[in-house]
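One structure below.
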Amino acid sequence: MGDLRNGCLILLLILMGFGVDVKGENLVFNVKHKYGGRNGNGSILNDLKAHDNRRHSRMLTVIDFKLGGNGLPTDAALYYTKISIGTPSRDFHVQVDTGSDILWVNCASCEGCPTKSDLGIDLMTYDPKASANGKSVSCDEEFCMLNTPYSDCRTGMPCDFQVSYGDGSSTAGFFVKDDIQFEQVSGDLQTTSMNGSIAFGCSSRQSGELGASNQAVDGILGFGQASSSVISQLAATGKVKKIFAHCLDGKNGGGIFTIGPVVHPKVNTTPLVPDTPHYNVIMKGIEVGGQVLDIPTTMAIIDSGTTLAYLPHKVYSTLINKLIERHPQLNIRLVEQSFHCFDYTGKIDDGFPVVTFRFADSLPLTVYPHDYLFQIEESRWCIGWQDSKMQTKDGTEITLLGDLALSNKLVVYDIEKQAIGWTEYDCSSTIKLKYEESSGSAYTVASHNISSAPMMDSTKFFTFFLIIISILFNLLK
């Protein structure tokens, strides 16, 4: 048995690259480092550094954002995540938005910022003076010169920002820079904290729906392609690749939102339209119940920050007529001057057609009746498709596809390859992210629903309370 054990050990050490001399029952190991001794060739340190650099280049930082909220127009109507900012850190709940380019949070002494939220979260404000590493960004800094178009920004002045959204709301303030803590994926279903110094907006003034309590959050996390976005800033420091993904759970809320290459599930892709500010793709056509609509090729924007889906007027009219042609008796009424609603007691997935969008490279995106119809009363349903009336600067009508069309699909944005893709997926399950370039090794990342966390905590507390009562009761017998 001893000879067998020694033989196996010798074989193992040989395979590991160690020299071995065998003398009787004793083993003498001639151990030599791959790059020799410290007193050897003068290039050893360079070799060591090059080895480490090659190793580090193969290791990818992948990040997990815990999601909350949902895409229901009658509920949260947005998806949000929680990030920690500053030293000491404070938690901020921010809407994830692929249609904008900066992260901003409500600033201390903000005018018009919300003070309460119906989403069950405690709202916070950011004060750069309260953070050890927080500082304002000035006009002469590179970040400001690249990301603000204001000609009156002068050296030494604070770098201002202003963002306007499609619903007429807006926010304005100044840029700051501080440490943000991200959850770096470190193993299957495991994360560790990772700091990144990020420039972001400190909102000192808001108007419109941003201040409404029913959907109020602490800010917006823009995941656009511009150099001002968080993913672009992290990529510029070499921390991450410019690839991210989301899977918005339209059934249970929450879902998956990550930075890093996805290796499972696989997705087919379509090219992004070059030199456009958003995630624009070419839409080749639309099928309703298998019938191809007579519409022109147009451009569509993929935007997780939008709840519904907006179509050019001609496309919208044609689509709506096809949807209801099976039900000429429907009495469609306008609700809240925005939604076309009707009474229906049957199963909507049986009574209404599937809508399929066709994109360049033959990529389909399927939207089911339970996705584009939402219930406001027991037997009353509203249509999520909207007449956009939106145009580009050159007058081209555009399609804007929000959570209505993106829910229950894994959507991957590969900014490096200028492509976007998706596949239908169970967003309450897991995906795999590649963390080593050469071997393709991957970690498993699970879905989250932080909006249900308070209820879960209460349930655990109640269970714990019952256990304590039971123990005390038995002790007193």
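Numbers here mean position along the shown chain, with the first residue as 1.
Cβ atoms here come from the backbone N, Cα and C positions, even for glycine.
Note that the structure is a prediction, hence the values are computed from the model and not measured.
Per TrEMBL, the features are:
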type     : residues : note
ACT_SITE : Asp97    : active site
ACT_SITE : Asp303   : active site
DOMAIN   : 79-423   : domain 'Peptidase A1'
SIGNAL   : 1-24     : signal peptide
TRANSMEM : 459-476  : transmembrane segment
Between Asp97 (active site) and Asp303 (active site): CA-CA distance (Å): 7
CB contacts for Asp303 (active site) [other CB atoms within 10 A, all chains]: 24
Asp97 (active site), number of other Cβ atoms within 10 Å: 23
